[in-house]
Amino acid sequence: MDKESIGTQYEPVAEIGEGAYGKVYKARDLKNGGRFVALKRVRVQTEEEGMPLSTIREVAVLRQLEAFEHPNVVRLFDVCTVSRTDRETKLTLVFEHVDQDLTTYLEKAPDPGVPPETIKDMMYQLLQGLDFLHSHRVVHRDLKPQNILVTSGGQIKLADFGLARIYSFQMALTSVVVTLWYRAPEVLLQSSYATPVDLWSVGCIFAEMFRRRPLFRGNSDVDQLGKIFDVVGVPSAEDWPQEVALPQSAFTPRPPKPIEDLVPDMDEQGRALLMQFLAFNPSRRISAFAALTHPYFQNVDSDSKNVYAAQPIPSNKPTMEERTA
């Protein structure tokens, strides 16, 4: 990466990843004591009037969220326009740098895995970050262990949220396969979707933290649905979305598997919560806000519960009733 291309403030140190959204670099922020940051370069399609309004709005939302400095959301420090042509504009998003993601954290955990109380605390933090995003009408859309960051002190930080529309052009230019394993059934069926898609992903991640391997490992949309139905059973006709091309009859009826067989080390309250995350019908899926008050979390450390409780939600944001709906 050309140092001059993003000005004199950021000095790239190493390439630390490449995904569907392009390359990610670790860099030093020379104007802020040499702290490490993560640089994500994104290509956006240029329209006649310049950058698409949708991209401008998405970046504006990210900048507004940054003002809250939520402890469970990765910080966005800066947005730089690198270059612009008639066809595309290159942006560099400058994020807080965290050394490991949840995938790495789970892989490094010694046998028999992450202690159940640690999983509970991390799940609580994850849901606090997600409730914050949802309360500001931001749907993550691509929640998975690779974009849940874990600091050396065990703090959870959500990354890559709100970027789906910014990245749509970039993804069209790459051949990187985006994992289906954490996608909600309504996304796989190409039905309409909203915040509940993220709670399905949370359920998949919750199970994986105990299992140390993904819960559903499909290799196509239909195969992924089949893997899901092997566990939760084929849903009823009344729960099947009306507007989708794939009929319920395409899947052989099968009963759900006992959840205790899938996550034998999870306690009874945890399994009850997991089943509320994995409700096929999104209207029956538990919200992040409601999940935070589930009995599973009654013994969570008070410091975790209070870490963001003092931050008021602006009056123009969803009401409590909207968030629990």
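Each residue, glycine too, has its Cβ placed from N, Cα and C.
TrEMBL annotations: computationally assigned, not manually curated.
According to TrEMBL, the features are:
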{"type": "DOMAIN", "residues": "10-297", "note": "domain 'Protein kinase'"}
{"type": "BINDING", "residues": "Ile16, Gly17, Glu18, Gly19, Ala20, Tyr21, Gly22, Lys23, Val24, Lys40", "note": "ATP binding site"}
{"type": "ACT_SITE", "residues": "Asp142", "note": "active site, proton acceptor"}
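Highest Cβ count within 10 Å among the binding-site residues Ile16, Val24: Val24.
In this structure, the C-alpha atom of Asp142 (active site, proton acceptor) lies 16 angstrom from that of Glu18 (ATP binding site).
Between the candidate recorded positions, Glu18, Asp142, the densest Cβ environment within 10 Å is the one around Asp142. The predicted model assigns the domain 'Protein kinase' (10-297) a mean pLDDT of 87. Annotation note: the residue listed as 'active site, proton acceptor' sits in a coil segment as assigned by DSSP. According to DSSP, Ile16 (ATP binding site) sits within a strand segment.
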